[in-house]
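This structure is in structure tokens; I'll ask about it shortly.
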Amino acid sequence: MRPEHVLTMEDWGREEIHELLDKAQDFANHPSKLPSQRIYAANLFFEPSTRTKISFEAAERNLGLDLLHFEADTSSVKKGETLYDTVKTLESIGADVVVIRHGKERYFDELRNHINIPIINGGDGCGHHPTQSFLDLLTIKQEFGMFDGINVVIAGDIFHSRVARSNLEVLERLGANVFVSGPKEWMSEELMERYVPMDEAVEFADVMMMLRIQHERHAVKMVAGPQKYHEQYGLNEEKAQRMKPTSIIMHPAPINRNVEIADALVECGRSRIFKQMKNGVFVRMAVLSHVLENQQGGLLR
Amino acid sequence: MRPEHVLTMEDWGREEIHELLDKAQDFANHPSKLPSQRIYAANLFFEPSTRTKISFEAAERNLGLDLLHFEADTSSVKKGETLYDTVKTLESIGADVVVIRHGKERYFDELRNHINIPIINGGDGCGHHPTQSFLDLLTIKQEFGMFDGINVVIAGDIFHSRVARSNLEVLERLGANVFVSGPKEWMSEELMERYVPMDEAVEFADVMMMLRIQHERHAVKMVAGPQKYHEQYGLNEEKAQRMKPTSIIMHPAPINRNVEIADALVECGRSRIFKQMKNGVFVRMAVLSHVLENQQGGLLR
Amino acid sequence: MRPEHVLTMEDWGREEIHELLDKAQDFANHPSKLPSQRIYAANLFFEPSTRTKISFEAAERNLGLDLLHFEADTSSVKKGETLYDTVKTLESIGADVVVIRHGKERYFDELRNHINIPIINGGDGCGHHPTQSFLDLLTIKQEFGMFDGINVVIAGDIFHSRVARSNLEVLERLGANVFVSGPKEWMSEELMERYVPMDEAVEFADVMMMLRIQHERHAVKMVAGPQKYHEQYGLNEEKAQRMKPTSIIMHPAPINRNVEIADALVECGRSRIFKQMKNGVFVRMAVLSHVLENQQGGLLR
């Protein structure tokens, strides 16, 4: 028997059409007939990502959520559809939560009051990236049990990274002493009040948070090329040896090896870089279950 | 213990090879040993889509189907593989149903007699798009309970859109009175027999079906730019106010806001635009369960 | 009630932050609280593929594995992240096995001793492709029950295809008699020792393994255009008629129809081309369950 394809409307008779519509209406009326009550997450990533995207996906799958696979490159965004209409569409189709990464800072301002499902910010340009902050916080809390009195040095291009500044703010709010380091050319007057040279920083820091040189975001004029940067402002083996025995190294990744940090340090005993990635899954599970419980009561299985 | 990677044939001894082949043959012989009898859907989208693609995906997941993720951009189509060989491959690998959107009109003619799994047309260029028609029909039937005597005005580029013409044909077949509106330059002689100016159309239409200006499909010469188009042929607030109390507005989306339809009308009380998207999931569930029941008996869980 | 979005750190109070971190830590401490112990596979395809990618996916789903959807084009590889860091990231996030296709020959040498989850090679440039070999072997074993004394003729560009040479080596190791055919210009001295002209080959071969002309890999100078190639070195209907009644035709696909093989032969009675694709799923199930059982004991459901 040939399969019955569904190709054109001409193939469908009047009665068959009504039968199909009744079937569809039946699905519309009794969603409980579905084999299981699924919860759908849609991850809308308009910028490249490995860690954030896949770790949201792992968090969603770990919680038993199902995914609707949105791909910006093959979506109607290509036909000029707005972000708002895209998110509204996903809401209409059945997404219960959306995760969005978008190059436009505060893209969410036009969405937050009109979208009726939770939006989780997976990064807005140089703006916010709350789940990255949460995973940094979890990694520090795991290590020291608290934030009070912990010396955190954030090293790199803090000025252009609101994520870094948001991290700085929240760490201080939680009780940590936060310092900054890196090329002075990249600091504001306000940041200079907490400035310490790398040579000193490594000796008293409990946490060295190295930032990524974001070549792709803004044309940072390298003070003197990657090698010179590494020597002056990066973390090399000599400097790492002068760190306190209990101190740790963090980096959000992707890493420019031998620029911000020496290749040999990425997986050294002090490094929590891959631990941060593991923690990324756990904080995203916490964030997802937080918003879904808030919104939908017993929805989570 | 190091994991045993599988990297080259040189690493495998004669006996190990035969053991692995026996294991594979065992899977071939006893598919019932699989943890569950999965049903696979593959969505082959060769053109951008958000709504159709994601709503097929939601429909499939709602019915308990599993997905095989085909991405045209990273497939062997890039190496020149034909559509036929691609679909035959998916059939061989285990797809139980394929949904295809393709730019070529009637792409399915070369497939329908040679592929042994159901093909659901997700749009063939300017040709057919049956599940879009079904969701339009369901939305109208939900509103009025029937089609007989309902006045439907389809407004926009009907001539170049076989989908619109196919909608026109099926609505008439089901008993509706179908009219067209929009720039006269875009009408055929046959279409002109049902022509009504927008100003009149809004007053007697039960359903105003606004079409999308498909910039990406064919270089439509805008009669006089988007703003002028909106004034003359689009649906603005003034015109919407003259509609009958029970009349509704439909649009297949993506929307060109303030071209076919005023921004403020997209989510107004008369608009069924997002309702159409919801209905898209239900008709696709109906279509999928229709073809799978037809083809495979008790296959659906 | 508005949903509680998660957008910026500023929105979060000190106590709420600690609550969320505790929740995350709870997930970190008790993975057993998860609704089910999932096993994750990640398929990293840095080159176009339909068959290999989708059939790994089908094999994984058949075995009850879950997928983490890595897309090279939208990953941090675009920001310059190395293959090693990408794979290490997937390991950290929770992948239990990775399948990799990469254009660089022996890409796996830098990974094999540092990655703690099994790597399955889905093809390394012109190098190895073990699961393709296994599916070829399974197809021959199904047909003849053994390899001893079976005459296999590999026809095409063997010299530039290490996959073909690896196939040749393993077939011989298992007892088959292996010959080569095709343009002499493409043969090495060593290969010429097993050379047979196509006209003779078809008459004594039990298995005709036709290779794909890999236009995309290296600028093969066609001896005299596709049509001439087909006549001289391809398998056409006239030659197929001279094959022994029990002989079979194989091809790894994608096929250049009417170049390596006549269009009419692709689905003829002797052809095992689509059978090979089916077998691809079974050998990949065998390979996956092999590495996961080896590595993780009772992990497979």
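Residue positions begin at 1 at the first shown residue.
In case you wondered, yes, glycine gets a Cβ from its N, Cα and C as well.
Residues annotated as domain 'Aspartate/ornithine carbamoyltransferase carbamoyl-P binding' in TrEMBL: A:5-142. If you look up TrEMBL, you'll see A:Arg51, A:Thr52, A:Arg101, A:His129, A:Gln132, A:Ala253, A:Pro254 marked as carbamoyl phosphate binding site. Residues or ranges marked as L-aspartate binding site by TrEMBL: A:Lys79, A:Arg162, A:Arg212. Marked as domain 'Aspartate/ornithine carbamoyltransferase Asp/Orn-binding' by TrEMBL: A:148-290.
Provide an account of the burial state, proximal residues and distances for the features listed.
Cβ neighbour count for A:Arg101 (carbamoyl phosphate binding site) (all protein chains, 10 Å cutoff from its Cβ): 23.
Take the CB of A:Arg162 (L-aspartate binding site) and look out to 10 A: across all protein chains shown you find 19 other CB atoms.
A mean pLDDT of 90 is what the model gives for the domain 'Aspartate/ornithine carbamoyltransferase Asp/Orn-binding' (A:148-290).
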Applying an 8 Å Cβ threshold (strictly under) against chain C, tell me which of the binding-site residues A:Lys79, A:Arg101, A:His129, A:Arg162, A:Pro254 fall inside, in sequence order.
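Near chain C: A:Pro254.
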Sort A:Arg51 (carbamoyl phosphate binding site) into helix, strand or coil using the DSSP assignment.
helix
Would you kindly determine which binding-site residues in the set A:Arg51, A:Lys79, A:Gln132, A:Arg212, A:Pro254 have their Cβ under 8 angstroms from any Cβ of chain B, listing them in sequence order or replying 'none'?
A:Lys79
Determine how many residues of the domain 'Aspartate/ornithine carbamoyltransferase carbamoyl-P binding' (A:5-142) DSSP places in helix, in strand and in coil.
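For the domain 'Aspartate/ornithine carbamoyltransferase carbamoyl-P binding' (A:5-142), the helix, strand and coil counts are 69 helix, 22 strand, 47 coil.
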Measuring Cα to Cα, how many angstrom lie between A:Arg101 (carbamoyl phosphate binding site) and A:Arg162 (L-aspartate binding site)?
15
So what sits near A:Ala253 (carbamoyl phosphate binding site) in its own chain, CB-to-CB under 8 Å and at least six residues off in sequence?
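Non-local contacts for A:Ala253 (carbamoyl phosphate binding site): A:Arg51, A:Arg212, A:Ile273, A:Gln276, A:Met277.
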Tell me, if you would, which residue among A:Arg51, A:Lys79, A:His129, A:Arg212 (binding-site residues) has the fewest other CB atoms within 10 Å in the structure shown?
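Minimum Cβ neighbour count within 10 Å, taken over the binding-site residues A:Arg51, A:Lys79, A:His129, A:Arg212, occurs at A:Lys79.
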Given a separation of at least six residues and a C-beta threshold under 8 Å, show me what packs close to A:Gln132 (carbamoyl phosphate binding site) in the same chain.
A:Thr52, A:Gly123, A:Val163, A:Asn167, A:Pro252, A:Gly280
